[in-house]
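*Asks:* Okay, here's the structure, questions in a sec.
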Amino acid sequence: MGSLSNYSPVMEDVQAIRKAQKADGTATVMAIGTAHPPHIFPQDTYADFYFRATNSEHKVELKKKFDRICKKTMIGKRYFNYDEEFLKKYPNITSFDEPSLNDRQDICVPGVPALGAEAAVKAIAEWGRPKSEITHLVFCTSCGVDMPSADFQCAKLLGLRTNVNKYCVYMQGCYAGGTVMRYAKDLAENNRGARVLVVCAELTIIGLRGPNESHLDNAIGNSLFGDGAAALIVGSDPIIGVERPMFEIVCAKQTVIPNSEDVIHLHMREAGLMFYMSKDSPETISNNVEACLVDVFKSVGMTPPEDWNSLFWIPHPGGRAILDQVEARLKLRPEKFGATRTVLWDCGNMVSACVLYILDEMRRKSVADGLATYGEGLEWGVLLGFGPGMTVETILLHSLPPV
């Protein structure tokens, strides 16, 4: 019997192996699951809670300003993994800049994979196949950096097989929901039979802090961000009658907007994650988004549509002003961002998990309304992630009919 050391495969053998490794079809989204922590906070009374919980009620004028900011966000409520009683145990967290990273880490390190696992369980149940058939796990979060990392902890909580291929995407921010879909596409299409579990989970306590007159960026962040997790099952060549594909991930591209690094940036300090956001962020995004859209269409040999209203839209809701300016720049009808504005109203900005929530909202409403596709009855659409860098993720989607 010959040994492998004496065997020299010819190029045709390698090409045949490579061809056999690849899937035949495009990556598809087959299932979606979401999860919230238990505590719900109405936005119209959030200023009262926030200033009380941070022992800042004496800052009367700052509270009035923060309340006005909250009421302009177009957010109705948000979910958090903490309540006032919980925060009272951590005066260092509710201060503005006292050392608190150890306590924040102790909350986030177990909390992030646990919340992500809740969303994953729902996605796996909807998918309808055994969890042992999951071949890859992509886990994304902007908090709780640790080793073993959150992907390991989530896989352990779910009881995934020990040889699942894991990937952890840390500290990418609000564009990362698009990033993980790009990764999932490459994994599914380059590994025949792969089923990729994608999980995004975010907890805002990594950056929660008391108000400060000299750092209003902090007030904006505290008015926008909420906790949540979302999960997808992504795979190519769906099994007919067993798996139900909803969206084909046709193309996924990332673009860094030149000279925009200071528009949105965050920094981990002993006092937790510090948030900085320029007033120029809506204009920076809206001035560059059309070029990203044109690029993704041309990269697959398609002519960009003359009217952007012919597509369905899943933009990340970085905030009301960003949505308003992108909508105006692309001359979109108000209803085109309907799914995004619904999620923003119901949950706030959940960082990387947000666009996956919007995907879920769109497909559910499309089915409820009896439309021809999961994408509001339209075939083609785009998912957009915006975040630090400034970085834009542009995902071209093809929507399929409900089964």
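Keep in mind that glycine also has a Cβ here, set from the backbone N, Cα and C atoms.
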*Asks:* Quick check on the annotation: Swiss-Prot has GLY318, GLY319, ARG320, ALA321 binding CoA, so which of SER278, SER281, SER366 does it put in that site too?
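*Replies:* Between SER278, SER281, SER366, Swiss-Prot records just one in the CoA site with GLY318, GLY319, ARG320, ALA321, namely SER281.
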*Asks:* Tell me whether GLY319 (CoA binding site) sits in a helix, a strand or coil according to DSSP.
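*Replies:* DSSP call for GLY319 (CoA binding site): coil, neither helix nor strand.
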*Asks:* Within 10 Å of the Cβ of ARG320 (CoA binding site), how many other Cβ atoms are there?
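*Replies:* A count of 16.
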*Asks:* Tally every other Cβ atom lying within 10 Å of the Cβ atom of GLY319 (CoA binding site).
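*Replies:* Around the Cβ of GLY319 (CoA binding site), 23 other Cβ atoms lie within 10 Å.
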*Asks:* I want the residues beyond SER281, GLY318, GLY319, ARG320, ALA321 whose C-beta is within 8 angstroms of the mean position of the CoA site's C-beta atoms, in chain order.
*Replies:* LEU224, PRO282, PRO317, ILE322, LEU323, ASP324, GLN325
*Asks:* Under DSSP, is GLY207 (site 'Determines the polyketide chain length and product specificity') part of a helix or a strand, or is it coil?
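*Replies:* Note: GLY207 (site 'Determines the polyketide chain length and product specificity') is coil by DSSP, not helix or strand.
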*Asks:* List the Cα distance (Å, whole number) between SER281 (CoA binding site) and CYS174 (active site).
*Replies:* 13
*Asks:* State the three-class DSSP label for SER281 (CoA binding site), counting H, G and I as helix, E and B as strand, and everything else as coil.
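*Replies:* The residue in question, SER281 (CoA binding site), is helix (DSSP, three-state).
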